[in-house]
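A.B. asks: Here's the feature list from Swiss-Prot:
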type: COMPBIAS; residues: 31-42; note: compositional bias 'Basic and acidic residues'
type: COMPBIAS; residues: 43-54; note: compositional bias 'Polar residues'
type: COMPBIAS; residues: 55-85; note: compositional bias 'Basic and acidic residues'
type: COMPBIAS; residues: 89-102; note: compositional bias 'Basic residues'
type: MOTIF; residues: 90-96; note: motif 'Nuclear localization signal'
type: COMPBIAS; residues: 120-138; note: compositional bias 'Basic and acidic residues'
type: MOTIF; residues: 255-284; note: motif 'Q motif'
type: DOMAIN; residues: 287-467; note: domain 'Helicase ATP-binding'
type: BINDING; residues: Ser300, Lys301, Thr302, Gly303, Ser304, Gly305, Lys306, Thr307; note: ATP binding site
type: MOTIF; residues: 415-418; note: motif 'DEAD box'
type: COMPBIAS; residues: 689-728; note: compositional bias 'Basic and acidic residues'
Amino acid sequence: METIDSKQNINRESLLEERRKKLAKWKQKKAQFDAQKEHQTSRNDIVTNSLEGKQTTEKFTERQERVKEELRKRKNEFRKSDEPVSVKPSKKKSKRSKVKKKISFDFSDDDDSEIGVSFRSKEHIQKAPEHDNEKDPLDEFMTSLKEEKMSNSKGMYDRGDILDVEDQLFELGGTDDEDVEDNTDNSNIAKIAKLKAKKRVKQIYYSPEELEPFQKNFYIESETVSSMSEMEVEELRLSLDNIKIKGTGCPKPVTKWSQLGLSTDTMVLITEKLHFGSLTPIQSQALPAIMSGRDVIGISKTGSGKTISYLLPLLRQVKAQRPLSKHETGPMGLILAPTRELALQIHEEVTKFTEADTSIRSVCCTGGSEMKKQITDLKRGTEIVVATPGRFIDILTLNDGKLLSTKRITFVVMDEADRLFDLGFEPQITQIMKTVRPDKQCVLFSATFPNKLRSFAVRVLHSPISITINSKGMVNENVKQKFRICHSEDEKFDNLVQLIHERSEFFDEVQSENDGQSSDVEEVDAKAIIFVSSQNICDFISKKLLNAGIVTCAIHAGKPYQERLMNLEKFKREKNSILLCTEVLSRGLNVPEVSLVIIYNAVKTFAQYVHTTGRTARGSRSGTAITLLLHDELSGAYILSKAMRDEEIKALDPLQAKELQEMSAKFESGMKKGKFRLSKGFGGKGLENIKSKREEAQNKDLELKKNDKRSDDLEKKISNPREGHDSVSESSALIPRLNYELFKESTDGSIIFYAKVYINDLPQIVRWEATKNTTLLFIKHETGCSITNKGKFYPEGKEPKNENDEPKLYLLIEGQDEKDIQLSIELLEQKVKEGVVKAASLSLKSTKY
């Protein structure tokens, strides 16, 4: 029995133990469940609170909107009020204290700003109760926000701050709400416009009283020159490469440096240090003309000494003027160049003449160089600035135009002027000229003289003298022209390598001969330049030549400026080196040792060929220019056939000469049919022949159709697909010139110029082009003149019946300068011609098939 009882007790205890464990587990699970429930409850409370806060915020936003609406109503009441709101305390004594209600609210999206806005109406000021015990809940809430955010309210004005400023000014008496809003909007618009606007130079109008007089004429004719008869002068000019003169009062040419009246130091520098012998043709005629104070247009081949022609008169004029004061930056002389390489070269020439004279300082301002150093040098004062147009515009617009003053500029030079216009610098040059005094002396040098440049010279220069050297052929006679016709790119590259190897073998033979002679014989230095048409071709040819064991100095605009400068210095320093470059250096690069120029890619214009071949045979040296032509480069063959002299063609291989003539004839025939045409560029000897032929054809057509209307004649020319592009050019030539009248009006002491350009009787397509919005906006932007349509169109045979009727259709151009009016008319004619030619081209394409 005891055993049974003991077993039962053990079972009970084990059962109780199991129940206790289950109870403990249940309590543990319950505790976890309670904890989770409590956590969920707290999360629900947070969500509830956030929703309540969101509702509170929405209510607050609604109150803000109501306050805004109330403010707008109050503003309108103030504006409609006949009497202005008094902002000063009333002079009448009142026993009741005036209480001002001030409503403060926040428009900002963040919590870092505070805006307080207060308005007081007339009724509030005069009829305010003595005590206002009622408190607006919104006032209390906003006041608390104001106290909390007071420390963060000292920032920049945002949208809400504008209202705060308005109220403060309103209470102080006297600023209208609209004025504040308008001023703020205008300031914002002005800032945006300033960021987006292009850099434009302000035109400066000088009165005669504020301009300091200066001397232009320094030339005294020597007895030897003055004793020459007119016949002797003609013979001398004929012997000096057939000098052609246009203009009146041109001085006689000189033949010796001593006839110019130069100082002893300058004579020693020219003859002994620089080793200049006799004068070149352009120097013989240009130096006396410029030293006489005349504006000069010099047209001469490259490498003919044009730099000295304007540099000596410039230095002489600068030294004769009053020195710069401490507060004057200068300059007195300005030289504009198309490329930084040419500008640096001119600056080096200036330095040669001024390094011994501390009274004349020169600064070179070009793109790609550090502007900080240029600004520092300009602030110290400088007498001469050599610059590219773009960088000079940048300097003129710095610090609102206060960095540099153009008031003292009396001498302006444009070197390689045709290249300046070819690169599109005409607007910049026009802006620069508007800042310079009108009585300046202006000199323009170029290798070619296209119509666009001629038009600019007429506007800017005063009674200029035009000096043309060797006008019948612009290619330097010291350049021996050759060519090779290839039938593939690989063959052309093989010819290039062969030419370089032949050149190296020739130098080796010459050097071996010199080694057998006296040791005093200098080593031959004959450099070569290879011109290509693009940056990619330049890099490709450079790598291929390097693989062939030929090292070159490669230069193009895609390389960093420092790398270009290092390669150029290496090319100048090393003997018999080879420069590989694009056409960017076809002008202005002066390396006298260059004896060979290889044109790897055929040039597209005659002017480009002139300047490319002009890199060799500098001065009195001789050189060779070899063009590598592909069999399908017909335009290059045409240019070569027109540029090469007869004796050069006779000396060629008969088969090569025959193939060149066939390619040239094929291109010329294609031009007549409209199949081919030369790229746009400056005209040369070959282009003049085309022009004369077109003029002859035009005269014949005019004789045959002299009784037809001009509009019918133009339509027939345009709609004739047989003549192709040649017809287009002829039709553009038949566009009638614009008839206009120029007037001058003086009102209130100010002078206004205006012109009436009559377009009613012009052909319909001309009227369309003249009155297009794009045309008018372009002219306004370029000249600053106002141009508007006036009158109405009258069909042919109809006229205004009386004075009360509107006049015939015309364009009214108004401006403050007569030159701007003339420029506007020229641009209008140019745009009309371009538009008509374009329309004619589209007509040809549409009727081709």
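Count begins at 1; order follows the chain as displayed.
The backbone N, Cα and C atoms fix where each Cβ goes, glycine too.
Describe the structural surroundings of these features, if you would.
C.D. replies: Below 8 angstroms of C-beta separation, residues 218-220, 222, 224-225, 236, 240-241, 243, 291, 298, 300, 304-306, 308-309, 312, 352-353, 356, 467, 469-470, 619 of the same chain, each at least six residues beyond the ends of the motif 'Q motif' (255-284), sit close to that stretch.
Within 10 Å of the C-beta atom of Ser304 (ATP binding site) sit 23 other C-beta atoms, taking all shown protein chains into account.
Counting residues 6+ beyond its ends, the motif 'DEAD box' (415-418) has Cβ neighbours under 8 Å at 306-307, 310, 335-338, 342, 346, 444-450, 453, 587-588, 607, 682 in the same chain.
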A.B. asks: For the binding-site residues Gly303, Gly305, which one has its C-beta crowded by the most other C-beta atoms within 10 angstroms?
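C.D. replies: For the binding-site residues Gly303, Gly305, the Cβ with the most other Cβ atoms within 10 Å is Gly303.
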A.B. asks: Summarise the model's confidence over the domain 'Helicase ATP-binding' (287-467) as a mean pLDDT value.
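C.D. replies: Result for the domain 'Helicase ATP-binding' (287-467): average pLDDT 91.
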A.B. asks: Could you break down the residues of the compositional bias 'Basic and acidic residues' (31-42) into DSSP helix, strand and coil, giving a count for each?
C.D. replies: 12 helix, 0 strand, 0 coil
A.B. asks: Three states by DSSP: which one describes Gly303 (ATP binding site)?
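C.D. replies: DSSP call for Gly303 (ATP binding site): coil, neither helix nor strand.
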A.B. asks: Other residues with Cβ within 8 Å of the Cβ centroid of Ser300, Lys301, Thr302, Gly303, Ser304, Gly305, Lys306, Thr307 at the ATP site?
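C.D. replies: Result: Thr280, Ile282, Ala447.
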A.B. asks: 10 Å Cβ neighbour count around Lys306 (ATP binding site)?
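C.D. replies: So the Cβ neighbour count for Lys306 (ATP binding site) comes to 25.
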A.B. asks: In the motif 'Q motif' (255-284), how many residues does DSSP put in helix, strand and coil?
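C.D. replies: Going through the motif 'Q motif' (255-284) residue by residue, I get 18 helix, 0 strand, 12 coil.
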